[in-house]
There are 2 protein chains.
Amino acid sequence: MTTLQECQARDATDPLRPLRDLFSIPPGTIYLDGNSLGAMPKTAAARAAEVVTQEWGQDLIKSWNTAGWFTLPQRLGNRIAPLIGAGPDQAVVTDTTSINLYKVLSAAIAIAKQDAPARRVIMSERSNFPTDLYIAEGLCKAQGFTLKLVEPEEITAALDSALAILMLTHVNYRTGAMHDMASVTAAAHAAGALVVWDLAHSAGAVPVDLQGAGADFAVGCGYKYLNGGPGAPAFLWVSPQHAERFWQPLSGWWGHAAPFAFTPDYQPAPGVTRYLCGTQPMVSLSLLACGLDGFEAAESLGGMAALRAKSLALTDLFIALVEERCQGYGLGLATPREHAQRGSQVCLTREHGSGAFAIMQALIGRGVIGDFRAGDGGVHKDILRFGFTPLYIGFEDVWNAVEQLRLVLASAEWQRPEFNQKHAVT
Amino acid sequence: MTTLQECQARDATDPLRPLRDLFSIPPGTIYLDGNSLGAMPKTAAARAAEVVTQEWGQDLIKSWNTAGWFTLPQRLGNRIAPLIGAGPDQAVVTDTTSINLYKVLSAAIAIAKQDAPARRVIMSERSNFPTDLYIAEGLCKAQGFTLKLVEPEEITAALDSALAILMLTHVNYRTGAMHDMASVTAAAHAAGALVVWDLAHSAGAVPVDLQGAGADFAVGCGYKYLNGGPGAPAFLWVSPQHAERFWQPLSGWWGHAAPFAFTPDYQPAPGVTRYLCGTQPMVSLSLLACGLDGFEAAESLGGMAALRAKSLALTDLFIALVEERCQGYGLGLATPREHAQRGSQVCLTREHGSGAFAIMQALIGRGVIGDFRAGDGGVHKDILRFGFTPLYIGFEDVWNAVEQLRLVLASAEWQRPEFNQKHAVT
């Protein structure tokens, strides 16, 4: 059995431990929901004050030049690049993940129509994050394509001559299961398809090497593991081989080759800049820089490789402790045990409608914050979801989180009515 | 001749004068660029600190419910509604003006295709803000429509049986000329076309009555006259008669009827909520509320009618003073003298390439901030653009601005090399 003391000892010798001090975690809270909204870097409040009071309040429109507002999407894209295996000037930060997916899927469809007009299928996982499926569904209807949904284990066999685009989320939001990006991309390419990756649950959580994998397009989220703040703008990456070839339909002035020439005809800018559209929310965008500071601080401590090793150690420990200490309460494990197939979260299952929502509420009442994702009464059980951000989560946190979970289950306190009140946002 | 003392006297008796104290204007600055980026409400810094430190830093994901993040687009839309003649639950704040235009134009095209399939033209003004034309151009190409561009005086005669959608910006960004929304909408409807209005330079600047005019769709900007902060999210309005009828292609989860059911198929939410797409930037979005506070404070002082009367008085005064005091320096007037045709800005012209850029830079050096829009060497002269926000601009400001302009022109200081250095953003 693992002891609290052993966990404390692991924290004491953890070289990444100082990074925790970069973040503001509320007292009495063990925050295991950084996969939904990353915790606040301590520098964010001062940065927000600077952008609002100085850049907006004092410098006003001059800040477009003096504060570099106009080039911030590209500069932030270049700072995300090392986390996703992108080269310089291949990524931008802008808009939302959904909208960026619309852009890159539109571009991919245009390429597919030109290079392989007989291919008219976009394939994805049935349990992909729904907004990805909604965006793909809409584009398929508009473009005469078919959206085909399969289970993850069916993907390889379904790579056929009708497939134009394989669109996958690297780490599944419900289970934490991770695809092997390189092998899936290679298999899809061998079958003649383009590959679009959604990195919402992997950028900043696991090492990603888009160029190494030969991927075509990618999008990702700024407010989860990148700690950019609530609703922080998202990012988008385009392989250099596609960068100059096609436009995307959200052809706004920020993506124009000469945005201040105010010419009536649209001329896309070179490279990834053409994936910009309209003016970006500068206060929110600026705060993403504070989140990226954390990864740059981790560089001298081993960078993403070290963060990944700690993440796996944290999730291994959580799985082991749950299995040691929470037996007999109907919990299962949705997340793969294989390291190569696991993201940075652990999802515990319980039969649909058997109290998982209330258990999570009771756990949150005890200061351990995860979240709940409803099952469907069929193949998908209800899920208790826990994200582990190695930048600010420690081994003692894991021990304490499991101990609180055990106490919630053992005491049956979760059956109190107060823990079964639904909210608008779950 | 109008004197400085007369202007000071007008400020002293201006009932709207106290509203100026709601804003932070840098000392020594006369800010006549609120049509580009509105000045900062004094409450913005504290609000930013609250959203970052408390809502994000302390309350974390709970804020989706406790701080009302999830419903903020609708709640802000309802606060903008009185400024644009919209009813409750008809407007939302989200994304950018360009992206919102893409959504409503897509919806309008879908309606036109169903109701009047022979109509395949979208018409706009040649001097409309370019991003509007780029978005329309892209959709026309994709949907088999033609984008027809005309001069403003040609619009009425060009309303023909091929026209599906008339897309206009209410107040022109280059000249400050304003369309008669009601009569143009009525004429377009009589000709069988739908009408989409861009309110970027009119929401918060002039009274707008979308429902009274019978308009079909509208979009507008959060960071100009609404004082929402740099790149604040934009708004979108849909006439109730179209609200339930069509979807738009950016079908993300925030526009879903049940966003937390996570079902794989897209079911649009009732009403305008279906025009949402992905997660919004909460810090920037929250600051727009501070800008809207200013308009609510103006309500008891006469509201938009009083603001409009003052705006016209300010722009009348500016035109008169420029004509009294800056004669002989090659300045012309691009903005209509007719009140009914004038927004809340005044645009002075100068021959293309004859120093207007440097004149504006020299004026900015003297603390009078306007902006420059390049002409084309043809019909469009270079423009010195001055926006007048009656919430925080006074009559003495106008006098002083013209005096500084006179001094710049009289001294020829604008010919110094330092004032001719171009920036990335003009």
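The backbone N, Cα and C atoms fix where each Cβ goes, glycine too.
Unlike curated entries, TrEMBL annotations are predicted automatically.
The feature pyridoxal 5'-phosphate binding site is assigned by TrEMBL to B:Thr97, B:Ser98, B:Phe129, B:Pro130, B:Thr131, B:Asp132, B:Thr169, B:Asp198, B:His201, B:Tyr223, B:Trp253, B:Thr279. In this structure, B:Thr131 (pyridoxal 5'-phosphate binding site) is part of a helix by DSSP.
For B:Lys224, the entry in TrEMBL reads N6-(pyridoxal phosphate)lysine. Spatially close to B:Lys224 (N6-(pyridoxal phosphate)lysine) yet at least six residues away along the chain are B:Gly34, B:Asn35, B:Ser36, B:Leu37, B:Gly38, B:Ala200, B:His201, B:Gly204, B:Ala205, B:Gly387, judged by Cβ distances under 8 angstroms.
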Among the recorded positions B:Thr97, B:Thr131, B:Thr169, B:His201, B:Lys224, B:Trp253, which sit with their Cβ under 8 Å from a Cβ of chain A?
B:Thr97, B:Thr131, B:Trp253
Which residues does B:Thr169 (pyridoxal 5'-phosphate binding site) neighbour through Cβ under 8 Å, counting only same-chain ones at least six apart?
B:Glu125, B:Asn128, B:Phe129, B:Asp132, B:Trp197, B:Asp198, B:Leu199, B:Ala200, B:His201
Max CA to CA distance in Å over the pyridoxal 5'-phosphate-binding set B:Thr97, B:Ser98, B:Phe129, B:Pro130, B:Thr131, B:Asp132, B:Thr169, B:Asp198, B:His201, B:Tyr223, B:Trp253, B:Thr279?
30
Taking DSSP three-state, what's B:Thr97 (pyridoxal 5'-phosphate binding site) in: helix, strand or coil?
helix
For the binding-site residues B:Thr97, B:Thr131, which one has the sparsest Cβ surroundings, going by other Cβ atoms within 10 Å?
B:Thr131
Around B:His201 (pyridoxal 5'-phosphate binding site), how many other C-beta atoms are within 10 angstroms of its C-beta?
27
Over all shown protein chains, what is the count of other CB atoms within 10 A of the CB belonging to B:Trp253 (pyridoxal 5'-phosphate binding site)?
24
